[in-house]
Structure formats: structure tokens, C-alpha cells
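Novice: After the C-alpha cells below, expect a handful of questions from me.
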Amino acid sequence: MGGVYNGDGGTCHRGNIPCPLAAQMKTGEVGRQLYELNMHTGVFSHTVVTSDFEAIQVLYAHRNQSNLLVMEILLKRIKTSAEPITIQLESSFKPQSEDIAFQNAPDYKGGRHIFGQTASSEVPGGVRPVVHLIWTPVTPTLTLPANQSQSSWTFLVAVARSNESAQSFYDSGLALINTGDLRPSHQRSWAELWKGSSIEVIGAESLNRALIGCMFYLLGSFPYVNKEASAAFEFGGVSPGGLSNGSEDEDYHGHVFWDQDTWMYPSIALFYPALARAVLQYRVETLEGAQVNAQQMGCKGLKFAWESAVTGVDVCPEDVYSQQELHINGDVILAFQQYYYLTQDLELFQSGRGSEVVWGVADFWVSRVTWDSADQQYHIKGVIPPDEYYFTVDNSVFTNAVAQRSLEFAVELSALLAEVPPPAWQDIADKIKIPFDPELKFHPEFDGYKPGNKVKQADVVLLGFPLAFPMSPEIRRNDLEMYEAVTDPLGPAMTWGMFALGWLELGEAEKAQKLLQKCFKNVQKPFQVWSESADGSGCVNFLTGMGGFLQAVLFGYTGFRVQKEQLAFSPLLPLDVSALSVKGVCYLGHKMDWTITSEEVKVSVRKTDSKETFTLQVVLNSGSTLLLTPGQSVSFPRQPGHICQLKSSSSCWPI
């Protein structure tokens, strides 16, 4: 359950909550067993087919009743018979947890009820979450009476932080059962979600399945938001293994890392601005904890936790990461910047406290850098780069570049809000050291890095994307070649997608596709679940890897780049992909559907009820401009260009 952790400091982990629906269906007869995960409807089913009957067990977490879990059983005769049919439900559920001291409460409307509080809080004197469970008791047997053709049973679990909320969700479930709308309402919500976004390729079926799987697992990890629902709900962020993983000493304890902001967020933000804002709101809610982290380091401003739970105070079990993996600050600000460029939603930065986040991080960098009089540059010493094979290095090129980017956005935001920024922000951004080897024309990972030394994962290549750090194609190529050759083949799953994206930037689609194929080693069949490492080890249901893979296609094949005052594109498809369809791209209040082939690009703008949208145009590198009208489409020969707001001068801001 989101936001429920047990343990203090480095022992903090996701609280283990027992599931009353943990039951296996047994028929007592030999039959054909079928298991299916329908990613379009969000339903998992187990079907047993015998010569006499069919038994179907269906499980789902309700999409818009987000605190409800549901199990349905259907028994259906195949042959007419006067004999009853009985199946067993073998339950492994025990109403107890090593993290939560559960106790019984009075039954509620036929449902069992337990509640309990976690054993300890993540910080001294902090809140210990309370959890309530109300559920329909699962009987050990179910019987289809003689002479009855079929029958069904529904079992509910409502889980919430208060008695009132648990009862309310349970009531909602009962009401939906009575109207026959329990599963249909869940499936409608998933249908609406898929209508909001999809990525589909023609010509590469395994790639298509992987993309659908990545979208499904990512969307299933983010909260339900619609036009009527506010983003001001309890959302505890997304951890690398999602909600179902993260107990003690497992899958990063369920903590939130840069994985959320750098790897999962960009694709979500391009499709669902409301979900993107929920991610940013999580960081706003941990602002006070980030302040504590900075103070404990002897710095000013905000230091976001390398491993975050509810309070934002760092709960990483090893202090060295908390103290040195500073790039998390820049990663968070990059997410805020991307959101603003996609939406121009200044309210988040005004009344929504987003400006406090951006400016607090800028103040941190000011207090953390040191001035080197010899080279007349600012240095950031003693850090861990994204490549965690190295500790206590100086001037990690990614760390310094993302710090520069966050300082520049702090200055930009000040102008937008009519505030005067401290001069130090721009001064440090202008003079921070970005390691570069002028002889070999590449970016060393940090001061003293020796070419040929092994690296863990994508690091320097992130300068090109997502940072868009200015460099020539020659230098971009050198960085890709230098680090591709020395990257650990068993490193984390998101790595090769970033190399593929880099080669697509340089127009080498086939080289990119070979690297993208490496990602399939992390995809575990039959349900497209990702492992952290190519050998199947590491974090299970590795959302970080899925996010990196999605970005490789979504931003690689299309060339989408979220820039100031424009959404740039430069489409390029590999030979085994004849067409790419990307539906639901959100930009400045509009939703666009894109179809890309080797010859042509088609952009359709959906009609909208909103009056607070901008008029958009396509500006092509050839010099042509095309007006984007809601409800209509435009087509043009495949080439680079950008989408921007139509202004009286018919021009766009420079980048």
C-alpha cells in the first residue's frame, strides 16, 4: 500500500500487508490450465477446463476504486448433469504481519475487519501508519448446485488508512456488485486510460508486446486521476519494483529513487500531465525532509533523499549514497522543468510550492560547490555518479551538468515569477566545470577517469538525452562508442535504451536497434515482467528498466525533445519497423496522435472541451509551417521540425 512503511532510518521498508484473496483454485479433476493477463482490461485470470465444467478465477485491483481488490469465481457446466460441482479455494492468507500488529474489529456488512499500526516510524517521533482491512471471507469450497448451468461469486478487499475510508470503499464495492458494474467500471477506466495513450509499432511484434507491457505496468503503478479527481490525494511515489515489492531487504525496500523522476516520469509526463503533476507533488510533500537532509550535510537549501519514503528524510541504509549521490537534486528539477515546458502550468510554481523546490535546490548547489582559482571554475567534489562503480570522485560530468541545468531553470523561473534571482545561480551555471578531453574529444565520466575502465550503466551518455547538453555530433559519437565498449553487460536494464536513443540521434537506426534488442534479455515471459539484470537477477518487475525502454522508442523513434517553447521532433525508424503510432501526446493543453512511416508523418489533434488551450503549429526544417486545428490532421514528408504556439509573428521562441 502506498505510503505505508515500517522501520526507522535505514531499516525503513514497505509494510507487509496480508492479502485475504491469496487463494488458489483447485478442481480435484485433471483439466486444461490457462493463465492470462489482459493488459487492456487490467484483469488476471486462471481458467480450468475439464470435460464437465469450466472454472474461472479472476483477480484485479480496481482502477478507479483504488483501494479495492477483487476476486471473482465463475463455475460453468459444459455437459448437462444433475450432479453438483464443487471446487476448493486453498487460502494462504493469515491475518498477521511482521510489520503491523493487527487486531480484530467488529465485522462490517458481512465482511471481516482487522486493523493495526506499524511497529515503528521512519523518523523518531514520526507517524506510524494505521491500516484497515475489510474483506469478504473466502470460503474453502464453492458449489454449483445440481441442475444449475452456472454461478458466480465475488470477493472484495478494501484497504485504507482509516476505518471510515475502508468502510466507504467496501460500500462502494458492494454497490457496484449490486448494479453489476464492478468489473465493467474497472474495465472502462482502463479503456479510458489506453485511449489516452498508446505506442504501437508495425513490423516488430516482440517489440510491440514489450511496449504494451511497459505501459501497462507503469500505468498500473501510478494513481487514478480523472477530470473530477484532484491530484491532491495520498500518493507515495513509485519505487523501482512497484507497490507489490519492497519488504525488508527486498527490491530496494520500496523506496523512491531517481528512477521515478528520470526513468519512469518522462513517458508518463508526455501523455498524462495530471499524473506528472502527482509525481511532482510527491516531491513537494517531501520538501521539509529535503531541508533536513541538506542541514545534516552542512548545506543550505534542499537535498532530496537518494532513498525516500514518506517524510523525505533519507532512509538509505548506507550513508555514503545519501551523502554523495547528489545528482538526485538535478534529476528532480529536470522533471519540474519538463512539466512546465509541456504545460506552461505556472500555478504549480506559485501556490503549489514548486518554486520552493526549484530555488531550494539552487541554494543547495551554491552551498555545495567550491571555487577553484587555478582553472577559474566551480567544482563539485566527493560524489557518486550514476555509475555506482565509483565513489568519492570529483566533478562527475553528469552531476555537474544536471546541476547546471537546475541552476539555469531556477534563474528562468525567477523571471517568469517576476523575482530577482541571486547572482550566484547564474554565475555558477556559467562557470561550473564540465569535464572534457580535448585530445580524445569525449567527456570523461569524472576527474581522473581512464578510458577503458569498466562502467556500470548509462551515465555520460545521459548528457545527450535527457540533458540535451550542447555538443557536436562527433563528440556525441565518441561518448557513445567510448562507453558502450566498457559498459557492464549485466548492468541495469535501462542502460541500452539510452545508447540506442543516442545512435538514433545520429541517424544510425540499425545500430540503435541492435542495442535495443539487448533489452529483451531483461523481459521475462509470458507476462512481460522485467528483471533488473539481463541474467534475471535483481529487482523484480523493474519499472526503471521499462521506463528506459519506453523512452528509447517514444523519444528515440520520434525524436521528441521537450524544449523551451517547443516540442521538437526528428523521426527515424529502423528497417524492421514499417510504421509507428503514438497516440495521446499532450502539449500545451492539446492531445495529438502521430503516425510515422519511413516516408511520411501524420499529426492529428483531438477535439477538446477546454478553452484554456493554445493554438499550435508545425514548423518544419524545410521552412514550411502547418496550422494544427483540433479535429483535423496534417501530413508532411518525414523530416525534423517542432511544434510550438502560434503567435502573432508566426514564429517560435528560440531554444
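Heads up, the Cβ atoms here are built off N, Cα and C, so glycines get one too.
So Swiss-Prot has the following annotated:
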BINDING   Trp258, Asp259, Lys456, Gln457  substrate binding site
ACT_SITE  Glu388  active site, proton donor
Novice: For Gln457 (substrate binding site), what is the secondary structure state per DSSP, taken as helix, strand or coil?
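Specialist: Once the DSSP labels are grouped into three classes, Gln457 (substrate binding site) ends up as coil.
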Novice: Which are the residues of the chain, Trp258, Asp259, Lys456, Gln457 excluded, whose CB is within 8 A of where the CB atoms of the substrate site average out, their centroid?
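Specialist: After dropping the recorded site residues, what remains is Phe257, Thr262, Trp263, Pro386, Glu388, Ala458, Pro492, Met494, Thr544.
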Novice: Would you identify which of the recorded positions Asp259, Glu388 has the most other C-beta atoms lying within 10 angstroms of its C-beta?
Specialist: Asp259
Novice: Take the C-alpha atoms of Trp258 (substrate binding site) and Glu388 (active site, proton donor) and report the distance between them in angstrom, rounded.
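Specialist: So the Cα of Glu388 (active site, proton donor) lies 13 Å away from that of Trp258 (substrate binding site).
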Novice: With an 8 Å cut-off on Cβ-Cβ distance and a minimum sequence separation of at least 6, pull the same-chain contacts of Gln457 (substrate binding site), or say none.
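Specialist: Long-range Cβ contacts: Pro386, Asp387, Glu388, Thr487, Asp488, Gly491, Pro492, Met494, Thr495.
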Novice: What are the sequence-distant neighbours of Lys456 (substrate binding site), meaning same chain, six or more residues apart, C-beta distance under 8 angstroms?
Specialist: Asp387, Glu388, Tyr389, Thr487, Asp488, Gly491, Pro492
Novice: Ten-angstrom check, please: count other Cβ atoms within 10 Å of the Cβ of Trp258 (substrate binding site), all chains counted.
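Specialist: For Trp258 (substrate binding site), the count of other Cβ atoms within 10 Å is 23.
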Novice: Would you mind pulling the longest C-alpha to C-alpha span across Trp258, Asp259, Lys456, Gln457, which the record has binding substrate, in angstrom?
Specialist: 16
